[in-house]
Amino acid sequence: MAGLKRRVPMHSLRYFISMVGLFSKSGLLPWYARNPPGWSQLFLGTVCKGDFTHVIATKCQKGQKSQKKPSHLGPLDGSWQERLADVVTPLWRLSYEEQLKVKFEAQKKILQRLESYIQMLNGVNVTTAVPKSESLPCLLHPIIPSPVINGYRNKSTFSVNRGPDGNPKTVGYYLGTWRDGNIVCVRSNNLKNVPEKHSQVAQYYEVFLRQSPLEPCLVFHEGGYWRELVVRTNSQGHTMAIITFHPQKLSQEELHVQKETVKEFFIRGPGAACDLTSLYFQESTMTRCSHQQSPYQLLFGEPYIFEELLSLKIRISPDAFFQINTAGAEMLYRTVGELTGVNSDTILLDICCGTGVIGLSLAQHTSQVLGIELVEQAVEDARWTAAFNGITNSEFHTGRAEKILPGLLKSKEDGQSIVAVVNPARAGLHYKVIQAIRNCRAIRTLVFVSCKLHGESTRNVIELCCPPDPAKKLLSEPFVLQQAVPVDLFPHTPHCELVLLFTR
């Protein structure tokens, strides 16, 4: 695009970027040991730039009509378990090879849309609000498959509500919508992505609820107490359960009775069959509470679970972010590491670092690792992991990236090269983070990991690549998208991680 003369005026550019957001919306199953045969040889799609006529997404086979989202929840829509699978894991009826083809095609379309936006920024054939383009903005690599296909989740969140039989003490996943008033809670036993161990703990929690004299909290303003269940497991089979409870107006003595009752159930009662490593209890009057807002109370067991990944022993707290597919995460982090190209003269900046795995796995190859993470417990985990593994060239900062990053970058402006890695939540990065990255000339390489490149994440990419815009305080030269690598961490679902390499 260097030879193009016509540029979009700054006011048009700002209008375009603002519009992008409007265009977008019973025993332990050893899942970790189940490596699908032959997938190490899988090759889906040639490394491509531009022409994808030889890569065709396989559509669902005949008889797949039940995959369509039901317009109502009547008794003729198939079994409850099948309908739940169609919502939570829409690709479950396809072979894994077919799933990967569908996902590869989806990532290609995302990049084509992105190329259209970038062309619009540079004044190339802008004729429609959402231009169509068959070209790609970068090199697209073949999709990397997940080493584990079934039961891969290391964390599951179960809701409590009325089941198909009307019992309000049912533990599972939701069908229907709150807006339509047709919410039904269905057990997860047959979901391909949920480990048997997670479903087992959920079933015993349901047994406990049905013995408890206290009602569940279905809607906050209507009262009730027992709420959702989170189950976390690791590759060694250790299991952490976290129960959320609305205290309403119970006294501390009454709360103590409930905590002792659920503790006894899982230690010496029927729930002992779950063989929990730890049980946490959180009193919460909001939909979501952090540890700082309402501390996680350890009722029994170990305070953490640990994972082995990329030759590191990693500590994981109750609310710390960790990729839900452990084996897939190793593939993802290896990919990120290869794309960064770090060396002994490089500072690695890990933004939205979670428990710090990406940065710590590359610490031996860099001069320093700097991590930023909002969740305080996750930062404590990262610091523990660094100390336990003998890593001395890392530091981790707690807080919002938009507040910490600008000052951190100023303190490092000594001419040393910085490689940045960002792995934001689906909401994308705050605009001040983009400004700080864009305006730090020491950052020449950026690796952006996204599981949903829509809405704000798309805006992030556009603002990284757009021409300088003083009005938006994007002053330094733009980044250029060079490579894209899809990594499948979510078999049976449409989701896929997309790793993007930017340089300038």
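For all residues, glycine too, the Cβ spot is worked out from N, Cα and C.
As given in TrEMBL:
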type	residues	note
ACT_SITE	C451	active site, nucleophile
BINDING	Q323, E373, N423	S-adenosyl-L-methionine binding site
DOMAIN	344-408	domain 'Methyltransferase'
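Sequence features annotated in TrEMBL and their locations in the structure.
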residue : record                               : CB count, 10 Å
Q323    : S-adenosyl-L-methionine binding site : 22
E373    : S-adenosyl-L-methionine binding site : 27
N423    : S-adenosyl-L-methionine binding site : 23
C451    : active site, nucleophile             : 18
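Between the farthest pair of Cα atoms in the S-adenosyl-L-methionine binding residues (Q323, E373, N423), the distance is 15 Å. Neighbouring residues of the recorded S-adenosyl-L-methionine site, listed in sequence order and excluding Q323, E373, N423, comprise F321, F322, C352, C353, G354, T355, V357, I358 (Cβ within 8 Å of the Cβ centroid). If you take every residue in the domain 'Methyltransferase' (344-408) and average the pLDDT, you get 94.
A separation of roughly 18 Å, to the nearest angstrom, links the Cα atoms of E373 (S-adenosyl-L-methionine binding site) and C451 (active site, nucleophile).
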